[in-house]
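Copied from TrEMBL, the annotated features are:
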type	residues	note
TRANSMEM	406-424	transmembrane segment
TRANSMEM	436-454	transmembrane segment
TRANSMEM	460-480	transmembrane segment
TRANSMEM	487-507	transmembrane segment
TRANSMEM	527-549	transmembrane segment
TRANSMEM	561-579	transmembrane segment
TRANSMEM	585-604	transmembrane segment
TRANSMEM	611-629	transmembrane segment
TRANSMEM	675-693	transmembrane segment
TRANSMEM	705-724	transmembrane segment
TRANSMEM	730-749	transmembrane segment
Amino acid sequence: MKRTHLWGILLISILTIAVCILWPPGSSKNQIIQPVYGLGLPQPNNIEYTKEPGHIYLITVDRLVLQDLVDNPDLFNEITGQAALGLMSVGVEGGLIPDNTYASIGAGAPINASGTALHGLNAWELLQGIPASEIYQQRTGLNAPAGTVLQLDIARIKTLNAESRYSAIPGLLGTVLQDNGIAVSVLGNADSSEKSARPAVALAMNKNGLIKGGDVSDNLLVDDPSFPGGLRTDYDKLLSILLESYKKPGLTVVELGDLERLEKSGAYLEESVLKSQRRETLNKIASFITHILEQMDEEHDMLLIISPTPRGNYVPGTNYLTPVLAVHNSIQPGLLTSPTTRRPGIIKNTDLAPTILDYFNIEAPANMYGRPLHTIDTDLTIATLSTTYEQLEQTYQYRSPVLKNYVLVLLILVLLSLAAVLLPRANELMKVLKPLLLAVMAVPITLLLITLLPHKTPELLILEIIVLTIGITAAIYLWLANHNHDLDPFIIISLTTSLCIVVDLFLGAPLQKNSLLGYDPIAGARFYGLGNEYMGVLLGSTIIGTAAFIDRLSTRHRKTIIVITGLYYLVTLYAIAAPDKGTNVGGSIAGVFAFLVTFLLLLGFKFDLKIIAKTAATVSVFLLALIFYDLQRPTEGQSHIGRTANLIIYNGPGEILNIIYRKASMNIKLIKYTIWSRVFLASLVSLAILFYRPVGIMKQIFTRYTNLYTGFIGVTIASIMALIFNDSGIVAAATAMIFCAPPLLYLVIRTLRPNV
């Protein structure tokens, strides 16, 4: 391609990006909350509760969404003005239904309690004509004192979670509170005229399925012919009981079920009726909460308002993340966060149980996966939180289609390139494939850097990705016009990608947290550090970039360059492993293996059993040092590494089997269902074929580019190790192969047709 054409493409790319930046904003003009501390936000603060705790009022309002708070300031401003606000990512086992979301909060870990909410009853209530206390005794062998609230399905819940990959204990919050003499009670329900619905029982119960006080019966409902279904919460009666009977230190869970009732009735309601009933219900809820704020002890009591269950068919917006509000004398209005997420304005549902225990000065057990909430003092408004949610929602919704199309293109290119080098007279096809092979290598850095640009609409986001990738490829071809060396494209793309990821990790990963190839709080698998997608990219790009760079410089200063390469491997490994940086255990193990093997091969070592044993020992020592370092840190500041080690210490060596099972199960599931597995397999197949066909081609490449050939070996090892040691390792294995199969195919094409 002529230089004028390349300059034209580059200029058009720059102009297009400029237009995207200057494009008028959409409906929202609010700023967003930066995804890391220190970028315009202060560091989070521990919440210092009073030494003499009061009462926690935990108000659960299923199907309350952030948009409700934004759209109804006249109802909620008095509440939000006193509260720290956040969005909650919900993780459960089984479906996202109230049975599971409430029970997971009570366990402090994701659990499955499907189908059990209808069997939460007062001890005196009848089930098929039999008192609940009798059924409880029949099922558990335990007596139920008068006045208690029971979960009759506690044995079934335990069975459902007997082989939990999280080692979760149903009712752990209630058990720990009871063991420490803290009173626990539950009030309210989400019953309809057709069936009972008392998911809050699973939140407050102890491990035996019992709560010592409360009322979840229909005594707290009122007949209302104007309300869909004819039953709604009796707010006046509920408020009277709550404020008269539950003012001593303790925890009271209050379920306000009217929005859930509207959700169940939504399919039968006119939109105008649903809207007006929702507004009226929100008015009653806001009034109820305001009265609690007025009556609670300002010095000691705490109010938590949560919406345990995300999504919904008849709620405003998508409701992927649910609102959380916290009010206490020690909590300044601002944002909520936690060491679990390390992300301003975002918490995890498993953080609530440790927060409640922290309020009562009780240490959370290791089986609870969350951490106590922290606050960030800021004057950012709820509208800002809403705008941030819109960006997270956009990233979540467009991640899958963008990545699926990218992977599809990558697969097609690998297969077409393989066909081109095996078939005769494919010169024209090879000419087209060369820039495309470089372009797919440039996509990971594009998806990282694109987060620096504003994208007001999804269409502009897609356009920016395409144009920036084309621009990077055109810039590389312009470089080749003046410096015609086969390895330059790999060096430029790979080292730039590697350096950008490492720098991003040292800054707190602000780019990864917003990248389509990164992770997001809606999916909830990871909130900080180095995700498996970019972990594979980092390993692959680092090894190929450095190996190609050594070959590019030929014999000049070879030893010095190899030493510098070794130092860069150490820096990269630190970025992957450090608890305050990448905190990726599987990536650390894969990185040690891959970097060490690559480095030794670059030095000229030949591998035998002795070298392999030393390599394995080095990996083990490194991992133990990493665990020891993280265990020395305060509990609330520990990363996944320290928390996993604590879990093994707490539950015994058997927990190691749980971890292995979890990782193996996730990998098997992903290999079956994710398109990334096709990339990994296609890459391995292409490598295997190229070793034999065209005849002698790999020998030519090995002879000409000895160090790069070593790099290909290193990336393959990194890919396999990432697959073995990560619970979504197939993704990391596939992204590492982006820097193995495409560059190798590019070199084969260049070797076969140097003038194409």
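Going from the start of the chain as shown, residues are counted 1 onward.
Note that Cβ sites are derived from N, Cα and C of the backbone, with glycine treated the same way.
Just so you know, TrEMBL annotations never went through curation; they're auto-generated.
Note that the structure is a prediction, hence the values are computed from the model and not measured.
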Tertiary contacts of the transmembrane segment (460-480) (same chain, 6+ residues out, Cβ under 8 Å): 1, 3, 6-7, 9-10, 12-14, 16-17, 20, 23, 394, 398, 402, 435, 438-439, 442-443, 445-447, 449-450, 453, 488-489, 492-493, 516
Of 406-424, 527-549, 611-629, 705-724, 730-749, whichever stretch has the most CB pairs under 8 A to the transmembrane segment (436-454): 730-749
Within-chain partners of the transmembrane segment (675-693) [C-beta distance under 8 Å, separation at least 6 from its ends]: 404, 407-408, 410-411, 414-415, 417-418, 421-422, 712, 716, 719, 723, 730-731, 733-735, 737-738, 740-741, 744-745, 748
For the transmembrane segment (730-749), distant same-chain residues with Cβ under 8 A (at least six beyond the ends): 407, 410, 413-414, 417-418, 420-421, 430, 433-434, 437-438, 440-441, 443-444, 486, 489-490, 494, 517, 532-537, 539-541, 543-544, 586-587, 590, 667, 670-671, 674, 676-677, 679-680, 682-684, 686-687, 690, 694, 697, 701, 705, 708, 712, 715-716, 718-720, 722-723, 756
Stretch-level contact, the transmembrane segment (527-549) and the transmembrane segment (585-604), CB cutoff 8 A, at least 3 pairs: yes
Surrounding residues of the transmembrane segment (585-604) on its own chain - C-beta under 8 Å, 6+ positions past either end: 530, 532, 535, 538-539, 542-543, 547, 550, 562, 565-566, 569, 572-573, 576-577, 611, 615, 618-619, 622-623, 626, 640-641, 644, 663, 707, 710-711, 713-715, 717-718, 721-722, 724-727, 729, 732
